[in-house]
Amino acid sequence: MPTRLDIVGNLQFSSSTDNGDEDQEADVTACFVLPSPSSFSKLSILDDPVEDFKEFLDKAREDFKQRWENPAQNTACLDDFDRIKTLGTGSFGRVMLVKHKQSGNYYAMKILDKQKVVKLKQVEHTLNEKRILQAIDFPFLVNMTFSFKDNSNLYMVLEFISGGEMFSHLRRIGRFSEPHSRFYAAQIVLAFEYLHSLDLIYRDLKPENLLIDSTGYLKITDFGFAKRVKGRTWTLCGTPEYLAPEIILSKGYNKAVDWWALGVLIYEMAAGYPPFFADQPIQIYEKIVSGKVKFPSHFSNELKDLLKNLLQVDLTKRYGNLKNGVADIKNHKWFGSTDWIAIYQKKITPPSFSKGESNGRLFEALYPRVDGPADTRHFVEEVQEPTEFVIAATPQLEELFVEF
C-alpha cells in the first residue's frame, strides 16, 4: 500500500443515517502534506519523574499556557546550519537533514515555501503547527528546537529520529503482535491525554506520522492539522481511512475523532491493514459511516471489545468521549497489563519476541538499526534535490506570516 494522502477542504459525500439526518454534500480537495521525519523533546520531563499523571497534567497546562501566550520567534537562522541532504519532499516544501554548526547536533529541518503555502491555502494550518510545536513538551510528541523565516521560506528545526516511520516497518513485516501493538497504543493514549488536556485535537493519526527511535519508543510527528479547540470544529482534514464518521457527515466534531483514529491505528497495527479500505475514498466513507467492522480471526476477544468501543459511530457510546474520559480506555482489559506510569517514564522495554517472531525484520522494526546520529537508511525515498536554494532579495507575503 502506498503512502496515503491527507485531505483538507470539503467533501462530496451523501449518506442517509438511522437518526434521520439530511444528506451532506460538498467538494473535496486533496493534497500531499509534507511529512516531518523528525522528533524533538525540549527538556526531558523524565528527569523529574511524576507518580501522579493528573498532577503532571495540571503542571503541563500551566507550562503550555505560558509558551502558547508568549510564542518564540526567529530563534536561529539558516546560516547556523550545514545542509546535508534532502530526506523528503512535499507539495509546498521539503525536509532536510542538517547539522547545527555550533553544537554539532543533527536535526531535520522542515522548509516551507511561503508562496506554495499560500497557494494551497495552508497558511492557518502552518501557523497553527508552529505555535503548537513551540508550546508542547511530552515524551511521545515531536517538539521543536528552532524556528525562523526569511524572505522566501518558513523553517522548523526538529530533532532527527533516524529509526524511520512506523508505516515502512509495518508494511515490511506485515503486522505487529498484540503485545507490540499495545505497547505502541499506550504511548498514543498518553500523548492524546496530554494534548486533549490542552484543548488540542491532533486529527492526523496514522503510521506515516509515527516515528520509532532506537529504543523502540514512538514520537508523533506532523502537527499540520492539529488545532486548539474547546468546543466543536467543522474543518475537513485528515486521511480518508482514519476519518471519523462525524467528520465525513459534516456534523461538527470534537476530540472524540482522535479516539476513533486510535481504534483505526490499533486495528491496522494488529491486522496489517486498516478496518475501512477501498479503491476510492467515497467507498471508504460509506464503510466508515455504516459502522460495520470485520475482525480477523486472530484478534483476541479483549482487542475486539476495545475496538468496538473506539470504532463506535454513536458518540454517546464511544470510549474517550464518555463521562470517565480516557479512563475507560486505560482501564480496559486489553490494557490490563499496562503500567501507564512506567510507559510514560520509558522504563518498559518493547515486549519480548514470541516463538516464530524472532526474525531480523521484526527486530529491525522494534529496534531500528542506526549507525550514528546522521544515519538515513530508514528514510527509503531517494530524493535528488540540491542542498542550496535561492532566497528572494525582498520579503514575500510577509504580512501573512507575521506570527511565525
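Including glycine, each Cβ sits where the backbone N, Cα and C put it.
Annotation source Swiss-Prot lists domain 'Protein kinase' at 81-335, citing sequence analysis.
Annotation comment: Swiss-Prot describes L87, G88, T89, G90, S91, F92, G93, R94, V95, K110 as ATP binding site, evidence class sequence analysis. When secondary structure is read from DSSP and collapsed to three states, L87 (ATP binding site) falls in the strand class. For L87 (ATP binding site), other Cβ atoms within 10 Å of its Cβ number 23.
What Swiss-Prot records for D204 is active site, proton acceptor. D204 (active site, proton acceptor) counts 23 other C-beta atoms within 10 Å of its own C-beta, drawing on all protein chains shown. DSSP assigns D204 (active site, proton acceptor) to coil in the three-state reduction, placing it in neither a helix nor a strand.
If you look up Swiss-Prot, you'll see T233 (among others) marked as phosphothreonine. Secondary structure from DSSP puts T233 (phosphothreonine) in a beta strand. Within the same chain, residues at least six positions away from T233 (phosphothreonine) with a Cβ under 8 Å of its Cβ are I201, K227, G252, Y253, N254.
Annotated phosphothreonine per Swiss-Prot: T376 (among others), in sequence order, evidence recorded as sequence analysis.
Counting only the Cα atoms, the space from D204 (active site, proton acceptor) to S91 (ATP binding site) is about 17 angstrom. Just so you know, of the binding-site residues T89, S91, the Cβ with the fewest other Cβ atoms around it within 10 Å is the one at S91. For the ATP site, whose annotated binding residues are L87, G88, T89, G90, S91, F92, G93, R94, V95, K110, the maximal Cα to Cα separation is 14 Å.
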